[in-house]
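Undergrad: Before we start, here is the structure in question, set down as structure tokens.
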Amino acid sequence: MGFRSGVYANIVFMLLALSAISSISADLNPYYYGKSCPGALPTIKRVVEAAVAQEQRMGASLLRLHFHDCFVDGCDGSILLDPSSTIDSEKNALPNNNSARGFNVIDRIKSEVDKVCGGPVVSCADILTVAARDSVVALGGPSWVVPLGRRDSRTANRAGANSNLPPPFADLPALIDSFKKQGLDERDLVALSGGHTIGFAQCANFKDHIYNESNIDPVFARNRQATCPRSGGDSKLAPLDPNPANFNTDYFAALTKRRGLLHSDQALFGSGASTSDLVKKYSADRDLFYSDFGNSMIKMGNIKPLTGNQGEIRRNCRRVNSR
């Protein structure tokens, strides 16, 4: 893609994102910190870029943190809370335990943002939402306009994390139902699944797929078996797509070849899958995927936000404020 076409595509993405924003809650807006802390967003971007430059995998980790936050009682920063006598931490939920990562980067962002703002002005929920966007951009993906003004929860929901986050072995009907419960449709499901174009998965999450299932390219399965043994090795990592440090359409191209790493990935494409056509379209049209991904990220980022006098602005993203 040439320079002019790339610039044009970015303009289209931004216009589509602004269009999507017009349909969300009036309590959130992209300029929420425009007067109270104009340096907040550049600071988040700077710290995220440094973290991703140090470890490219961190971009996928921060994106995943945002997804796992929003699917449990909304985008309220609850996933960031450490366990305590009053907090049944979502970090200990099955989908997050020994898996969710990037908390130290969020701590670093919070510290730097509070310095720039002169105190706790920006919520941890907003920091996580913006960090997810900036992580995608740092790995070559699209940008979108992030509505702001979320506040932080004073509770966590470990049981909700166990029940609301779709597992890696989910079939398509279960995935559709999981997203529908969050107000997201099939197009959002496929677009947001495209976030798996970056990052890695643990062997335990795809072992059954590569050893016991038929909807997988046998050569790909054997390649993955080389580093993921049938017994043991559960924490060994494999890339979710062929180029896990670049945000692109390779994930969808892999699905059309039956090379999805997770069962839940490959469930999007195959005989009888209602999402197969969209997977094909995204594999062939980067601009379409990028614009849909940005719009779906905006929708997901606005699941049940706490606003106004709800919640709080945490001084430490790991703990609720003392009263």
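Each Cβ is built from the backbone N, Cα and C atoms, and glycine gets one as well.
Unlike curated records, TrEMBL annotations are generated automatically.
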Undergrad: According to TrEMBL, which candidate among CYS37, CYS70, CYS203 shares a disulfide with CYS117?
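TA: Recorded partner, per TrEMBL: CYS37.
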Undergrad: With reference to TrEMBL, specify which of the listed residues CYS75, CYS124, CYS203 is paired with CYS317 by a disulfide.
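TA: Here TrEMBL pairs CYS317 in a disulfide with CYS124.
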Undergrad: Taking Cα atoms as reference points, rank the recorded positions HIS68, PRO166, ASP241 by distance from HIS196 (heme b binding site) and give the first.
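TA: Comparing Cα positions, the closest of these recorded positions turns out to be ASP241.
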Undergrad: Rank the recorded positions HIS68, PRO166, HIS196, THR197 by the number of other Cβ atoms within 10 Å of each Cβ, and give the residue at the low end.
TA: PRO166
Undergrad: Taking the Cβ of ASP241 (Ca(2+) 2 binding site) as the reference point, list residues of the same chain whose Cβ is under 8 angstroms away and which are at least six residues distant in sequence.
TA: HIS196, THR197, ILE198, ASP250, TYR251, ALA254, LEU261
Undergrad: What does the structure give for the C-alpha distance between PRO166 (substrate binding site) and HIS68 (active site, proton acceptor)? Integer Å is fine.
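TA: Cα of PRO166 (substrate binding site) to Cα of HIS68 (active site, proton acceptor) measures 10 Å after rounding.
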